[in-house]
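Data block below; observations after.
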Amino acid sequence: FRRSNAVVRPQNNKISDVVNTDQEEENNHQWDRPIEFVLSLISNSVGLGNVWRFPYLAAQSGGGAFLIPYFTLYFLIGAPLYYLELALGQFTSRGPASAFVLAKGWQGVGFAMIINSILGTLYYNVIIAWALFYFVLSFRKRLLWADCGYWWNTLGCFVPGSPKQTSGVNITALNCTTALSSNFTDSGCQENNSTSEKQVTATEEFFYRLLLNKSSSFDDFGVPGTYIRLLLNKSSSFDDFGVPGTYMSVLLLASWLLICVCIIRGVQSSGKVAYFTAIFPYIVLLVLIIFTATLDGAREGILFYVVPRWKLIGSFKIWQAAASQVFFSLSISFGSLIAYSAASDFHNKFFQQMCIVVSCDCFTGVFAGFAVFATIGFLAKSLNESVETYATASGPGLAFITYPAALAKMPASPFFSIIFFLMLLALGLGSQFASTDVPVTALMEFFPSYAKRRSLLVVITCSVFYLASLPFACPGGIYLFELFQEYTANISLVFIGFFEVISIAYIYGFNRFMNDVEMMLGKRAAQYYLFVTWCITAPILTLVITVSNLLNTAPLKLDAAGGFPAYEFPQWSTTLGWVIFVICIIPIPLVFLINYIREYKRIAKEETGYDFSKKPLFLAALESNNLPAEFWGPRKRIHQIDTYAHLATRTTKKNVLSPQQLPEYTPRVEETTYIDAGILNPTFNPDSTMNNDDNELSNQQF
């Protein structure tokens, strides 16, 4: 009876007492409206990666030369993998931890996504803390980064667009050869009144010296009318890591509290916040672009941004940077897309939504770039430098230097500063909601008994993440930040993306997966485009980019910026970076190997008379390792039909019912003929033979 082609429909009868509804299904979180899902996707993808990271990478990669590989990889890798993750999450209604059981040995891809998401979340929240710092200090009549003369400023501080002058304080610089004593002469100190120090903008010194607490190891002494700067020729480095600073520690705590409050109820709460986080940034960016276009030197900056330098197009470094930005911006390989789409309706038209979100994401990065490069042109002209020199020397804090510099020149600058950094907070939090939700969803899947206590899991997760992110609050935290950015949001994303597309397009099968898509959408949407990209371009390009990145790896370097000299990371930091990378991707081979050994032992135990001449045992175990798990398919019972009708007989507590435990019942069958003693009986009514007391067929009735 179960082998027939009948469509099994779940019934509200006593059989549900034996085959219980999954606890996962009962505790499932659903989007209230499809528009909230779309806005949350936009808020997730259109984040700080567009406003902060995209301009920074474009500046580092030759401006217009970066746009060509960026758009190319967006079309050949970004959009197809975005489609893939949305489809996988919506079909299974599961997070990345269990969605990849479509091939038992490849579940490690989902685990790698979770680890990558956790590590990325730790360092990403640092940027939100930076934005929060600027936001709080914007509530002043005069912005602190608009002028020199504060205790963190140096001799070289100046305000762009104003007459070039150093800070207005009386500074005597001392060169010392020995340790300090109360008598400066005894310490070998000599006055140095030289003003030849390289000039640095007020916004740069505010960012590097006040916020990051980065220093050249000098101390200030309160001699009346004089600030004494000791030039000891010792630069801040990764080795001088220090302890967490007060500013950053408090800011990180406030950031994690915001995230905890906004996601504590799941998509019901974060979906409402998305109305603001998805729409508000575009209004602010438009105002900022219009104003920065009027600055002196904006034209040169924009030309550097839009005009490609063709000699750089063939550089692997630019293609690697473009690939990492596509993955980072769209949140591919983080697992957040799978977690979000898992809360969608099974028949949600995600293809159209994917087109909208991907277009918005691509447009926003390019759109924000105009404001950044217009300001870069203005700052470069103020410093009498070329746009290329200033842009390539900029570090990850580029957006926190150029944007504040532009805001300081605007009329009613405190008001626009409040609005702008509120926008940055909205962008950062929108992405962070999804990333933080990934480990929470994973915990709910691993521990179903805690599914109804989501609030507790969210509080615990955010608390642990705050403690783990405290090293970024140290003076040397910026170096750790660079290390995480390189090894968790760059190489590992592309590496995971390669195995993600291989496991679905080749291991599970392209045609099979498109059949699953057809179950949801009623059609195989964009199958020709997806066949070319999933089966050809995406695997080849991700593999080439990953291998070239691994072969060309070198110690990280920071160019001279903010008055600080160029810095090359110590050799041990490269080893630490590769350890971080291995942690991100180790679940893929580890889970495959563990499950392969398990399958090998299982086959050897069950098949006592196994014929090795037909297929060696190790090949049989490999083949079994690539098959879907027994519970693969839609999680919700109402969608377990056709190919997945057998899942209706499963329970949550046990993977599968044994033959002795299977209830003797007849599911409702529509438009099916039955054979009774060799005679076709199309009028047979299964309901008429059902026992009303126990809903079971008696032996005589059967």
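Even glycines carry a Cβ here, placed using N, Cα and C.
Among the features that TrEMBL reports, Na(+) binding site is placed at V46, N50, S329, L427, S431.
The annotation disulfide bond is assigned in TrEMBL to C148-C157.
Annotation source TrEMBL lists transmembrane segment at 37-55 (among others). Sequence-distant neighbours of the transmembrane segment (37-55) (same chain, 6+ residues past either end, Cβ-Cβ under 8 Å): 31, 124, 127-128, 131, 267, 270-271, 273-275, 277-279, 281, 285, 325, 328-331, 336-337, 340-341, 343-344, 348, 353, 356-358, 360-361, 364-366, 368-369, 372-373, 396, 398-400, 402, 423-424, 426-428, 430-431, 433-434.
Positions annotated as transmembrane segment by TrEMBL: 67-88 (among others).
The feature transmembrane segment is assigned by TrEMBL to 109-137 (among others).
Annotation comment: TrEMBL describes 247-267 (among others) as transmembrane segment. Beyond the transmembrane segment (247-267), the same-chain residues lying 6 or more positions past its ends with a Cβ under 8 Å from any Cβ of the stretch are 29-32, 36-37, 40, 125-126, 128-130, 132-133, 211, 213, 273, 340, 343, 425, 429, 432-433, 436-437, 440, 454-455, 458-459, 462-463, 465-466, 469-470, 472-474, 477.
Taken from TrEMBL, the feature transmembrane segment covers 279-298 (among others).
Remote same-chain residues near the transmembrane segment (318-343) are listed as 28-31, 37, 40-41, 44-45, 47, 49-50, 53-54, 57, 60-62, 65-66, 69-70, 72-74, 77-78, 81-82, 85-90, 92-96, 99, 110, 113-114, 116-117, 120, 266-267, 312, 350, 358, 361, 365, 431, 434-435, 437-438, 441, 489-494, 496-497, 500, 541-542, 545, 548-549 (criterion: CB distance under 8 Å, separation of at least six residues from the stretch ends). Annotation source TrEMBL lists transmembrane segment at 318-343 (among others).
Nonlocal intrachain contacts for the transmembrane segment (355-380), taken as residues 6+ away from its ends with a CB within less than 8 angstroms of a stretch CB, comprise 38, 41-42, 45-46, 49-51, 54-55, 58-59, 63, 67, 70-71, 74, 78-79, 82, 160-161, 201, 281-282, 285, 288-289, 292-293, 295-302, 304-305, 325, 329-330, 386-387, 389-391, 394, 398-399, 401-403, 405-406. The transmembrane segment feature in TrEMBL is assigned to 355-380 (among others).
Residues or ranges marked as transmembrane segment in TrEMBL: 415-435 (among others). Beyond the transmembrane segment (415-435), the same-chain residues lying 6 or more positions past its ends with a Cβ under 8 Å from any Cβ of the stretch are 40, 42-52, 117, 120-121, 124-125, 127-128, 131-132, 134-135, 138-139, 143, 258-259, 262-263, 270, 273-274, 276-278, 280-281, 284-285, 287-288, 331, 334, 336-337, 339-340, 403-404, 407-408.
Annotation comment: TrEMBL describes 456-481 (among others) as transmembrane segment.
Taking Cβ pairs closer than 8 Å, the transmembrane segment (487-508) reaches residues 77, 80-81, 84-85, 88, 100, 102-103, 106, 109, 112-113, 116, 119-120, 123-124, 320, 323-324, 327-328, 332-334, 534-535, 538-539, 542-543, 545-546, 549-550, 577-578, 580-581, 584-585, 588, 626, 628 in its own chain, all 6 or more past its ends. Under the heading transmembrane segment, TrEMBL lists 487-508 (among others).
Taken from TrEMBL, the feature transmembrane segment applies to 528-551 (among others).
Same-chain residues lying 6 or more positions outside the transmembrane segment (576-597) and placing a CB less than 8 Å from one of its CB atoms are 104-109, 111-112, 115-116, 119, 483-484, 486-488, 491-492, 495-496, 499, 556, 621-622, 625. Sequence annotations record features per position, and here TrEMBL assigns transmembrane segment to 576-597 (among others).
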Environment of V46, N50, S329, L427, S431, the listed Na(+) site - residues of the same chain whose CB lies within 8 A of the CB centroid: S43, N44, S45, G47, L48, G49, V51, D361, T364, G365, G430
Packing count at V46 (Na(+) binding site) (other Cβ atoms within 10 Å of its Cβ): 29
Result, the transmembrane segment (528-551) in contact with the transmembrane segment (109-137) (3+ CB pairs under 8 Å): no
Beyond the flanks of the transmembrane segment (279-298) by 6 or more, those residues with Cβ under 8 Å of it: 39, 46, 51, 161, 364, 367-368, 370-371, 374-375, 377-382, 387, 403, 406-407, 409-410, 416, 419-420, 422-423, 426-427
Residue, out of the recorded positions C148, C157, L427, whose Cβ gathers the largest set of other Cβ atoms within 10 Å: L427
Nearest recorded site to C157 (disulfide bond) by CA-CA distance, among binding-site residues V46, S329, L427: L427
